[in-house]
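> I have a structure I would like to understand better, so I am pasting it below and will then ask my questions one at a time.
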Amino acid sequence: MKSTLLQAVTLSLAAACASYACASVPVGIVIHGGAGTIDRSQMTEAQQKNYEATLADAVNKGYELLAAGGSSLDAVTLAVTVLEDSPLFNAGKGAVYNWDETHELDAAIMTGQDRNAGAVASVTNVKNPILLARAVMEQSAHVMLTGAGAEQFAAAQQLELVENNYFNTEFRYEALKRAKESQQALPHQAALMPDPNWKMGTVGAVAIDSAGNLAAATSTGGMTAKRWGRVGDVPVIGAGNFADNSSCAVSGTGHGEYFIRYNVASDICARVKYQGKTAAVAANEVISELLTVGGTGGVIVVDTKGELSWAFNTPGMYRAKRNHAGIVVEIFSSQSEKTGN
Ligand code: ASP
């Protein structure tokens, strides 16, 4: 009797762990708060501490949820909402301004075990766009909703709605004014070069849970001074956000037009899956190659073994990771190798 029960438990565990290494995988989470020209000399000690404290808060909340047996989906959702609620980052409160001096937000979420995904683009009144992306994934028959329709769905889902000016911050408005002065015409997408002083600040999280499931979540206000209903890489599944239990989970930040054209997030996972590369090597390759065509930015990655990595080709990337080995919070590139794991 006892051995039958044991066999049944073993069998169901084996079934649950069929597509990934299960019990031996340590839980872990990596987050980012954007990559860009993050100059140590331009940042006061107090500002640096503020960024580090918010990153630590987000990564700790996600990790604690994972350590208590929570899912990677819940962990990335929680970490991203913490960052969306902070005015420091270009997502939710603190989102950049578009050319018309308002805010249009993009977000995406994906789960690795079933490659289910939800994304929203150009939403103007949803306090936490990542919650709307998750609702699209879990409560709708669709993958991507945009603009007024997405907002109608948000209201139906009883998500918290705000006035567009909730997202306002003085320093983002100053960035818009500088951007408008420096680029009056945008003849071609590749001409939209980020002002060297632009602070990117898209936020994202990738995680692996105790069941071995991967998840990725990313949220952004897009790029300063964007025009004409521009949609960036974040809601384009495989460009700025991707998760697949057979390879890795990725969240990106940077010049979205390049991330879309080079399919950055899924390219990293494809190199892991088909070329047998480690996630850290694949991420570094793709981010280095991106720079050769002018695309600036970075990614965070978690693979099926629980390795936590990042790669970026900018002077800095707000980032943090936590697993059984402890917590790491970094901002500038000189703090570590450009690819960390
Ligand atoms: N990738 C975002 C976009 O292009 C911007 C960023 O990461 O800062 O919309």
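Yeah, the Cβs are placed from backbone N, Cα and C, and that goes for glycine too.
Among the features that TrEMBL reports, active site, nucleophile is placed at T202. Summarising the annotation, TrEMBL assigns substrate binding site to R230, V231, G232, D233, T253, G254, H255, G256. Under the heading signal peptide, TrEMBL lists 1-23.
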> Of R230, V231, G254, the binding-site residues listed, which put a C-beta under 6 Å from ligand 1? Please answer none if none do.
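What lies within reach of ligand 1, judged by Cβ under 6 Å, is G254.
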> If you run the three-state DSSP split on T253 (substrate binding site), which class comes out?
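Once the DSSP labels are grouped into three classes, T253 (substrate binding site) ends up as strand.
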> Report, in whole Å, the straight Cα-to-Cα distance of T202 (active site, nucleophile) from G254 (substrate binding site).
8
> Far apart in sequence but close in space: which same-chain residues, 6 or more away, have a Cβ under 8 Å from G232 (substrate binding site)?
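Non-local contacts for G232 (substrate binding site): D106, T220, G222, M223, K226, G240, G256, E257, F259, I260.
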> To the nearest whole angstrom, state the Cα distance for the pair R230 (substrate binding site) and the residue listed as 'active site, nucleophile'.
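For R230 (substrate binding site) versus the residue listed as 'active site, nucleophile', the Cα atoms are 16 Å apart.
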> Within 10 Å of the Cβ of D233 (substrate binding site), how many other Cβ atoms can be counted across all chains shown?
32
> With every protein chain in view, how many other Cβ atoms are within 10 Å of the Cβ of R230 (substrate binding site)?
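For R230 (substrate binding site), the 10 Å Cβ neighbour count is 20.
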> Have a look around G254 (substrate binding site) and count the other CB atoms within 10 A of its CB, chains all included.
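Excluding its own Cβ, the number within 10 Å is 30.
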